[in-house]
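Going by Swiss-Prot, these are the annotated features:
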- His39: active site, proton donor/acceptor (ACT_SITE)
- Thr41, Ser155, Tyr158: substrate binding site (BINDING)
- His153: active site, proton donor/acceptor (ACT_SITE)
Amino acid sequence: MGTSLWLQPPRNSPIWQQLATTIQGLKPIFSDSENFEPHITLTSNISVNTQGQVDFVLDRAVAAAKCVPQGFQIHLSSVKYGSRFFKKVYLQVEPTPELLSLARICREDFVYMPEAMSQARNYQAMSAEERQKIDTQVGQRAAEWTRNEYDPHVSLVYSDLYPVEDADRRTIETRLEDTFGSGYDESGLGWKNGRFALVRCEGPVDEWEVLGVRDF
(Lines of atoms letter the chains of each structure in order from A and count residues from 1; the text may use other names and numbers.)
(Lines give C-alpha, C1' and ligand atoms only; values in the text may rest on other atoms or scores of the structure.)
Protein backbone atom coordinates (compact mmCIF):
# COMPACT_ATOMS: atom_id res chain seq x y z
CA MET A 1 0.00 0.00 0.00
CA GLY A 2 2.98 2.31 0.52
CA THR A 3 2.06 5.93 1.19
CA SER A 4 -1.59 6.95 1.03
CA LEU A 5 -3.43 10.25 0.80
CA TRP A 6 -6.33 10.47 3.24
CA LEU A 7 -9.27 12.84 3.31
CA GLN A 8 -10.42 13.29 6.91
CA PRO A 9 -13.23 15.14 8.69
CA PRO A 10 -12.26 18.46 10.27
CA ARG A 11 -10.23 17.64 13.37
CA ASN A 12 -12.27 17.71 16.60
CA SER A 13 -15.54 18.27 14.73
CA PRO A 14 -18.61 16.34 15.96
CA ILE A 15 -18.39 13.87 13.05
CA TRP A 16 -14.69 13.32 13.75
CA GLN A 17 -15.42 12.55 17.39
CA GLN A 18 -18.34 10.27 16.52
CA LEU A 19 -16.34 8.26 13.99
CA ALA A 20 -13.28 8.02 16.24
CA THR A 21 -15.44 6.86 19.15
CA THR A 22 -17.15 4.29 16.92
CA ILE A 23 -13.83 2.89 15.67
CA GLN A 24 -12.57 2.58 19.23
CA GLY A 25 -15.87 1.19 20.50
CA LEU A 26 -16.07 -1.61 17.91
CA LYS A 27 -12.60 -2.96 18.69
CA PRO A 28 -13.77 -5.40 21.41
CA ILE A 29 -15.97 -7.22 18.87
CA PHE A 30 -12.92 -8.13 16.77
CA SER A 31 -9.97 -9.64 18.63
CA ASP A 32 -7.44 -8.48 16.03
CA SER A 33 -8.88 -5.03 15.36
CA GLU A 34 -6.61 -1.98 15.28
CA ASN A 35 -7.23 1.65 16.21
CA PHE A 36 -6.86 4.24 13.43
CA GLU A 37 -8.07 7.73 12.54
CA PRO A 38 -11.27 8.27 10.53
CA HIS A 39 -10.50 8.78 6.86
CA ILE A 40 -11.34 8.21 3.22
CA THR A 41 -8.38 6.96 1.18
CA LEU A 42 -8.11 9.01 -2.01
CA THR A 43 -5.23 6.99 -3.43
CA SER A 44 -2.41 4.71 -2.30
CA ASN A 45 0.97 3.78 -3.79
CA ILE A 46 2.35 7.33 -3.66
CA SER A 47 6.14 7.55 -3.69
CA VAL A 48 7.59 10.39 -1.60
CA ASN A 49 11.17 10.62 -0.37
CA THR A 50 11.61 14.27 0.63
CA GLN A 51 9.69 16.91 2.55
CA GLY A 52 9.40 18.85 -0.68
CA GLN A 53 7.55 15.94 -2.29
CA VAL A 54 5.26 15.66 0.74
CA ASP A 55 4.46 19.37 0.51
CA PHE A 56 3.81 19.12 -3.23
CA VAL A 57 1.25 16.34 -2.78
CA LEU A 58 -0.59 18.10 0.04
CA ASP A 59 -0.58 21.53 -1.61
CA ARG A 60 -1.76 20.09 -4.93
CA ALA A 61 -4.59 18.21 -3.19
CA VAL A 62 -5.73 21.38 -1.41
CA ALA A 63 -5.66 23.34 -4.68
CA ALA A 64 -7.79 20.67 -6.37
CA ALA A 65 -10.31 20.58 -3.52
CA LYS A 66 -10.65 24.37 -3.48
CA CYS A 67 -11.79 24.29 -7.10
CA VAL A 68 -15.22 23.28 -5.77
CA PRO A 69 -16.92 26.70 -5.31
CA GLN A 70 -19.51 25.62 -2.74
CA GLY A 71 -17.04 23.68 -0.61
CA PHE A 72 -16.14 20.01 -0.64
CA GLN A 73 -19.00 17.92 0.77
CA ILE A 74 -18.76 14.29 1.91
CA HIS A 75 -21.92 12.19 2.26
CA LEU A 76 -21.89 8.93 4.26
CA SER A 77 -24.49 6.20 3.84
CA SER A 78 -25.14 2.69 5.12
CA VAL A 79 -22.79 0.30 6.89
CA LYS A 80 -21.27 -2.47 4.76
CA TYR A 81 -19.33 -5.66 5.51
CA GLY A 82 -16.51 -7.17 3.48
CA SER A 83 -13.96 -9.97 3.49
CA ARG A 84 -10.81 -7.84 3.23
CA PHE A 85 -8.80 -6.70 6.26
CA PHE A 86 -9.10 -3.00 5.43
CA LYS A 87 -12.77 -3.23 4.41
CA LYS A 88 -14.23 -5.40 7.15
CA VAL A 89 -16.83 -2.95 8.46
CA TYR A 90 -17.22 0.41 6.76
CA LEU A 91 -19.56 3.24 5.87
CA GLN A 92 -20.09 3.68 2.16
CA VAL A 93 -19.32 7.16 0.83
CA GLU A 94 -21.45 8.67 -1.91
CA PRO A 95 -19.27 8.81 -5.06
CA THR A 96 -20.12 12.39 -5.99
CA PRO A 97 -18.60 13.88 -9.15
CA GLU A 98 -16.46 16.17 -6.98
CA LEU A 99 -15.03 13.30 -4.94
CA LEU A 100 -14.38 11.14 -7.99
CA SER A 101 -12.69 14.04 -9.75
CA LEU A 102 -10.44 14.65 -6.75
CA ALA A 103 -9.51 10.96 -6.54
CA ARG A 104 -8.76 10.86 -10.27
CA ILE A 105 -6.53 13.93 -10.07
CA CYS A 106 -4.65 12.48 -7.11
CA ARG A 107 -4.16 9.12 -8.81
CA GLU A 108 -2.99 10.79 -12.00
CA ASP A 109 -0.65 13.38 -10.46
CA PHE A 110 0.80 11.40 -7.55
CA VAL A 111 0.93 7.81 -8.85
CA TYR A 112 0.63 7.36 -12.61
CA MET A 113 2.45 10.48 -13.81
CA PRO A 114 5.54 9.89 -11.62
CA GLU A 115 5.58 6.27 -12.85
CA ALA A 116 5.37 7.39 -16.49
CA MET A 117 8.07 10.02 -16.06
CA SER A 118 10.44 7.54 -14.40
CA GLN A 119 9.90 5.02 -17.20
CA ALA A 120 10.48 7.60 -19.93
CA ARG A 121 14.07 8.01 -21.05
CA ASN A 122 14.04 11.74 -20.40
CA TYR A 123 10.58 13.23 -20.04
CA GLN A 124 11.73 16.85 -19.87
CA ALA A 125 13.78 16.48 -23.06
CA MET A 126 10.87 15.03 -25.02
CA SER A 127 9.04 17.02 -27.62
CA ALA A 128 5.73 18.62 -26.71
CA GLU A 129 3.98 16.02 -28.85
CA GLU A 130 5.67 13.13 -27.03
CA ARG A 131 4.84 14.59 -23.62
CA GLN A 132 1.25 15.17 -24.65
CA LYS A 133 0.93 11.53 -25.67
CA ILE A 134 2.17 10.39 -22.26
CA ASP A 135 -0.08 12.90 -20.49
CA THR A 136 -3.10 11.61 -22.41
CA GLN A 137 -2.30 7.98 -21.61
CA VAL A 138 -1.83 8.79 -17.93
CA GLY A 139 -5.12 10.68 -17.84
CA GLN A 140 -6.97 7.80 -19.47
CA ARG A 141 -5.43 5.33 -17.05
CA ALA A 142 -6.48 7.44 -14.05
CA ALA A 143 -10.01 7.82 -15.42
CA GLU A 144 -10.29 4.05 -15.88
CA TRP A 145 -9.04 3.43 -12.32
CA THR A 146 -11.58 5.88 -10.93
CA ARG A 147 -14.39 4.31 -12.92
CA ASN A 148 -13.57 0.64 -12.28
CA GLU A 149 -11.58 0.40 -9.04
CA TYR A 150 -12.08 3.36 -6.76
CA ASP A 151 -14.61 2.67 -4.00
CA PRO A 152 -14.72 5.51 -1.45
CA HIS A 153 -15.55 4.47 2.11
CA VAL A 154 -14.81 5.18 5.76
CA SER A 155 -13.53 2.05 7.49
CA LEU A 156 -14.74 1.36 11.02
CA VAL A 157 -12.93 -1.94 11.60
CA TYR A 158 -9.72 -3.52 10.31
CA SER A 159 -9.77 -7.27 10.88
CA ASP A 160 -8.98 -10.64 9.33
CA LEU A 161 -12.01 -12.24 11.01
CA TYR A 162 -14.58 -13.39 8.46
CA PRO A 163 -17.48 -13.60 8.14
CA VAL A 164 -18.98 -11.02 10.47
CA GLU A 165 -21.56 -12.98 12.46
CA ASP A 166 -25.20 -11.88 12.43
CA ALA A 167 -25.16 -11.17 16.17
CA ASP A 168 -22.11 -8.94 15.75
CA ARG A 169 -23.78 -7.13 12.87
CA ARG A 170 -26.80 -6.39 15.03
CA THR A 171 -24.52 -5.06 17.77
CA ILE A 172 -22.65 -2.88 15.29
CA GLU A 173 -25.81 -1.47 13.75
CA THR A 174 -27.28 -0.72 17.19
CA ARG A 175 -24.15 1.17 18.18
CA LEU A 176 -24.20 3.15 14.94
CA GLU A 177 -27.80 4.17 15.55
CA ASP A 178 -26.98 5.09 19.15
CA THR A 179 -24.12 7.29 17.92
CA PHE A 180 -25.53 8.84 14.75
CA GLY A 181 -29.27 8.51 15.33
CA SER A 182 -31.96 6.31 13.83
CA GLY A 183 -31.99 6.47 10.04
CA TYR A 184 -28.50 8.00 10.01
CA ASP A 185 -27.85 6.55 6.55
CA GLU A 186 -30.59 8.74 5.09
CA SER A 187 -30.13 11.83 7.26
CA GLY A 188 -27.30 13.57 5.43
CA LEU A 189 -24.49 12.30 7.64
CA GLY A 190 -21.12 13.62 6.52
CA TRP A 191 -18.89 16.66 6.61
CA LYS A 192 -17.70 19.66 4.62
CA ASN A 193 -14.04 20.19 3.66
CA GLY A 194 -11.62 18.83 6.28
CA ARG A 195 -8.01 17.69 6.29
CA PHE A 196 -5.63 15.93 3.92
CA ALA A 197 -3.12 13.61 5.57
CA LEU A 198 -0.25 11.87 3.79
CA VAL A 199 0.38 8.63 5.65
CA ARG A 200 3.10 6.03 5.21
CA CYS A 201 1.09 2.81 5.62
CA GLU A 202 3.85 0.24 6.03
CA GLY A 203 4.03 -2.50 8.64
CA PRO A 204 1.53 -2.86 11.51
CA VAL A 205 -1.20 -0.24 11.69
CA ASP A 206 0.14 1.20 14.95
CA GLU A 207 3.44 1.92 13.16
CA TRP A 208 1.91 3.96 10.33
CA GLU A 209 3.50 7.41 10.06
CA VAL A 210 1.76 10.68 9.26
CA LEU A 211 4.17 12.56 6.99
CA GLY A 212 2.19 15.78 6.78
CA VAL A 213 -1.29 17.32 6.91
CA ARG A 214 -3.17 20.24 5.39
CA ASP A 215 -6.51 21.62 6.58
CA PHE A 216 -8.74 23.17 3.94
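For all residues, glycine too, the Cβ spot is worked out from N, Cα and C.
On a predicted model such as this, the values are computed, not experimentally measured, just so you know.
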Among Thr41, Ser155, Tyr158, the record's substrate binders - longest CA distance, Å:
14
Using an 8 Å cut-off from the Cβ centroid of Thr41, Ser155, Tyr158, can you name the remaining same-chain residues around the substrate site, in sequence order?
Phe36, His39, Phe86, Lys87, Tyr90, His153, Val154
Under a criterion of Cβ-Cβ distance under 8 Å and sequence separation of at least 6, what residues of the same chain contact His153 (active site, proton donor/acceptor)?
Ile40, Lys80, Lys87, Tyr90, Leu91, Gln92, Val93
Same-chain residues at least 6 apart in sequence whose Cβ lies under 8 Å from Tyr158 (substrate binding site):
Ser33, Glu34, Phe36, Phe85, Phe86, Lys88, Val205
Same chain only, sequence gap of 6 or more: which residues have a CB within under 8 Å of the CB of Thr41 (substrate binding site)?
Ser4, Leu5, Trp6, Leu7, Pro152
Is Tyr158 (substrate binding site) helix, strand or coil when read with DSSP?
coil
Near Ser155 (substrate binding site), which residues of its own chain have a C-beta under 8 A away, given they sit six or more steps off in sequence?
Ile23, Phe36, His39, Phe86, Lys87, Lys88, Val89, Tyr90
